[in-house]
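Colleague: Questions regarding the structure given below will be posed in turn.
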């Protein structure tokens with residue numbers, strides 16, 4: 001799969017971090033990048049436990065949700081991973097950050113008015129009949145139309161604290177699929193994830209993610 005310019009930029013920045021901290025695996029590095037990106041953009045602190053191993057093989061393509069599908073497809077994809085309806089809605093709230101790119105999904109645009117801020121505005125916008133210039137994928141609309149999904153959308157739109165709590169829990173659950181966290185000595189890391197995020201590696205990864213998003217947004221506005 002060809003990399004977009006934005007993806008290559010992010011990977012190059014992470015390579016610099018990997019070069020300075022060779023003991024961290026790529027699997028841990030990219031998970032840490034996600035954890036720190038959420039926190040530094042205003043989101044919740046997510047427990048992070050290192051210890052993932054890298055692999056020379058990769059899963060087959062087509063395992064991610066298809067943005068053009070509805071509730072049955074979402075459940076098929078997420079239930080297969082042992083995730084629940086609450087997890088599906090909470091994780092969808094990650095769309096509060098960033099934007100869709102046509103070369104990857106066929107869709108373009110941000111989901112929220114402040115795509116560099118992690119908050120509950122994704123759900124607020126979902127409940128509006130018309131959100132001008134903001135993206136609503138078929139899978140986004142499915143969250144409002146499905147009677148089991150919708151109560152979570154309504155809850156998160158009015159209670160950001162509830163969204164943050166559930167998102168942190170679901171993010172951690174997703175990040176540890178296929179990974180058995182080491183016991184004993186690593187428990188302290190979980191309790192001090194904020195300290196880890198503020199360390200040299202965490203700050204560097206966070207800077208890479210935020211800088212990437214900033215420059216992409218600036219370039220997009222210049223072109224328009």
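Cβ coordinates come from backbone N, Cα and C, glycine included.
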Colleague: Among the residue ranges 26-48, 49-71, 72-94, I'd like the one that TrEMBL describes as region 'Disordered'.
Modeller: 49-71
Colleague: What is the three-state DSSP composition of the region 'Disordered' (49-71), stated as helix, strand and coil residue counts?
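Modeller: With helix first, then strand, then coil, the region 'Disordered' (49-71) has 1 helix, 0 strand, 22 coil.
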